[in-house]
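Quick look at what TrEMBL lists:
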- 1-261: domain 'NADH:quinone oxidoreductase/Mrp antiporter transmembrane' (DOMAIN)
- 35-56: transmembrane segment (TRANSMEM)
- 68-91: transmembrane segment (TRANSMEM)
- 124-142: transmembrane segment (TRANSMEM)
- 154-172: transmembrane segment (TRANSMEM)
- 178-197: transmembrane segment (TRANSMEM)
- 209-230: transmembrane segment (TRANSMEM)
- 250-270: transmembrane segment (TRANSMEM)
- 266-301: domain 'NADH dehydrogenase subunit 2 C-terminal' (DOMAIN)
């Protein structure tokens, strides 16, 4: 039922706002406000498209989307919620303004409700628009991530690119979309947990990982290469299957464009891997402590 789905999305949004704004400093408040505004616009568009659909068809059933305007509106709204290009501008900014734990929730758990709605309505969605937006997302995710030094922004662009791959295959194979989503969630969660454990927020922090824990550094390197989609690792599997499925559906040009654009993302994963594991000892510190310690006192709202 559309109305219940909308209520679920609203509850999901409302419950994460306090988590984002938990720390009382301007960046966190700004991030929470941006997140709220974008999600509110997307939710109102979803409600609008479901009312339009109910007006035409007389039913509130999610699987019965028969009108073109309501399908387009719904697609745009869900893509906005997910942070896909060209509605992606809020995601890196929101993630940069929050803590690593909140960023982990945004890139993993918060992707599930819109994705489940997309999977339910997949038979009615316009394939040409979805594939165009998917290619745009892979391009934006790779191109924008190249110049970043902040880990949270890099993970945001990585998220945009991965969602682009999921969208490309959405209208052809739902099982493959779910597989890609599962593998993406596993890899992103493990990388974020490593970052939380070692307080890694920038490129420079990555170069000091080795002094904190060599085991974690190795795991981090493998996770990054897996996110990049290098062959022996699990991240390669969904990409290979997606390209295979696209070629089977005679979308050879799309597959070629996606494979070339993925090299952009691979480039910044390789940079991260190089920084984390291959920088020579004079460039790193032997101390296990970071300069900036976590404040013990709790902050009050001003």
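In case you wondered, yes, glycine gets a Cβ from its N, Cα and C as well.
Counted as Cβ pairs under 8 Å, contacts with the transmembrane segment (68-91) are highest for 124-142 among 124-142, 178-197, 209-230.
Ranked by number of Cβ pairs under 8 Å to the transmembrane segment (154-172), the listed stretches 35-56, 124-142, 209-230, 250-270 are led by 124-142. Tertiary proximity for the transmembrane segment (250-270) is limited to same-chain residues at least six positions away from its ends with a CB under 8 Å from its CB atoms, namely 131, 134-135, 138-139, 141-143, 145-146, 148, 154, 157-158, 161, 165, 168, 224-225, 227-230, 239, 242-243.
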